[in-house]
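Shown next, in structure tokens, is the structure this report addresses.
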Amino acid sequence: MVPRVKLLVVVASLVNLGFSGAPTAPPKRVIVKNNSGVTPAGLCGAWVKQPDGGLFTSPNYPEKYPPDRECIYIIEASPRQCIDLYFDEKYAIEPSWECKFDHIEVRDGPFSFSPIIGRYCGQESPTYVRSSGRYLWIKFVADGELEAIGFSARYNFTQDPDFKDLGVQPPLPICEFEMSGPEGIVESVMVTKEGKALQTEAVDCRWFIRAPPGSKIYLRFLDYEMQNSNECKRNFVAVYDGSSSVEHLKNKFCSTVANDVMLLTSLGVIRMWADETSRRSRFRILFTTFHDPPCEGDSFFCHGNMCINHTLVCNGIQNCVYPWDENGCKEKRKATILDSLDNTNVTIIGVTCGVVIILLTVSVIIQIKQPRKKYIIRRDEFDPTLLHEAFEPPHYELCTLRQATSSDGDVLPEDFPKLQRTSSKCIHGHHCGSQVSSTRGSRSDLSLRDAAAILSEMEPTIQPPFPLQATPTGRRNILVMKHSYSHDGAEECDLDDELYDGPTTSRGRAAMDRTVHRLSLRQKVVSRQLALS
């Protein structure tokens, strides 16, 4: 019976354990991502950090604070948040006119030169304070006389009113880089190149630059541009000296200009914040590690309390504050065109050459594939008539123009007659372009013998000079030699055009006399040539 009782007790204990659950481990401590801090650490009272805020006090609170003490508290909220600060009612600081002695000073920002919110002292605690951005800078000062219990303050993080319409934002991607060496380049494009975040995501990235122990770091901005200038809530570049804690914040840039920074420790941190609307913000920083003089070994002295590595001399990059490391390097090394080329230039040149080669190849292929016609003219198939029109000499027509006597026998008026062609006939078929004469190679269709025969027939009727003025109503025969190009030698130049017999004037008769005189001279020249032949 007893074994059964023991068995029941064991089963009951197991059931009790099953319902009550196994013994739970102590709850894990929540990792607090609160970047707030105090300097000097350990001498400025208590500091408690919580995920959504924290607590800090003056030294020895709630006892009297020690004399000759200065403490700086810097509170930093997460992106798109601001800070609410409350002072406890148990508060006492030495009162003075305008708080010139012991006091608390609160500024809206991370630096001692940020806009001041207020300076507080006396027995009445300050009112509620809210920051306009992510930072609050608080300084407590105690002189050597009249100490009091000090203060205790609480702070929490709330959503920035400027971003209340965005709602709950997704967590930011982890974006951190480690860099070291005598020199290096820190640039914003590393975020996209190494896949730390998408181009549409907000980023809060940090670059940790580690120099050898006892060394320092010099930062020189090569490129800097904020997409939303002067809007530090949306984009900025911050530099920390010693750690990424807010109390080690050295400089913060969110405007249009960024200055070089000299860090005094061997650890430098560069931080970039850019929201979704500021991802085109960019920067490029050259870091150089150095140590203070005297320069030992093969170190190079920069004439500015800097000793840099000798490999950085004449490398085409200014590593010193002043370009001492690049002076006189033209005599040592001649610069080539390749030194001025970067990846962009090489890409453009390569693409251009590729396009030119492709176009040349396509043009050669088209020329090869294109059909060509060959024209061969054989001698036996040559037709001389093709060249007849181009090389045929001019043909002359020897025609007579006759003006009939007026029917009514009236005297012609003094007006110049308008010519109207009457029945004009060529003397011979050769004169209208005989093909026979053209094939003989003569320059005129009228041969010398034919011209002699014609002139002999016409001599009885032609009596130079022609008495046009003496017999105005008589018949006038005019011998006209005209040339033309004719291709039909068989046709006879039979012109039935008429010359208009209009009224004539003294001026028109003079012109007609001159024309007849010229024709008579031409006839004499032709007769003389016939006589000589």
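One is the number of the first residue shown, and numbering goes on along the chain from there.
Yeah, the Cβs are placed from backbone N, Cα and C, and that goes for glycine too.
Automated prediction, rather than curation, is the source of TrEMBL annotations.
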Of Cys307, Cys314, which cysteine does TrEMBL list as the disulfide partner of Cys295? Cys307
Candidates Cys314, Cys320; TrEMBL says the disulfide mate of Cys302 is Cys320
Can you sort out which of Cys329, Cys353 is the disulfide partner TrEMBL gives for Cys314? Cys329
Taking all protein chains shown into account, the Cβ-based neighbour count within 10 Å for Cys307 (disulfide bond) is 18
Of Cys71, Cys302, Cys307, which is closest to Cys329 (disulfide bond) if I measure between C-alpha atoms? They're all disulfide-bonded residues. Cys302
For Cys320 (disulfide bond), which of these disulfide-bonded residues sit within 10 Å, Cα to Cα: Cys44, Cys71, Cys295, Cys307, Cys314? Cys307
Among the disulfide-bonded residues listed here (Cys295, Cys302, Cys307, Cys314), which has the Cα closest to the Cα of Cys44 (disulfide bond)? Cys307
Quick one: of Cys44, Cys71, Cys295, which of the disulfide-bonded residues has the smallest count of other CB atoms within 10 A? Cys295
What whole-number Å value do you get for the CA-CA distance of Cys295 (disulfide bond) and Cys302 (disulfide bond)? 10
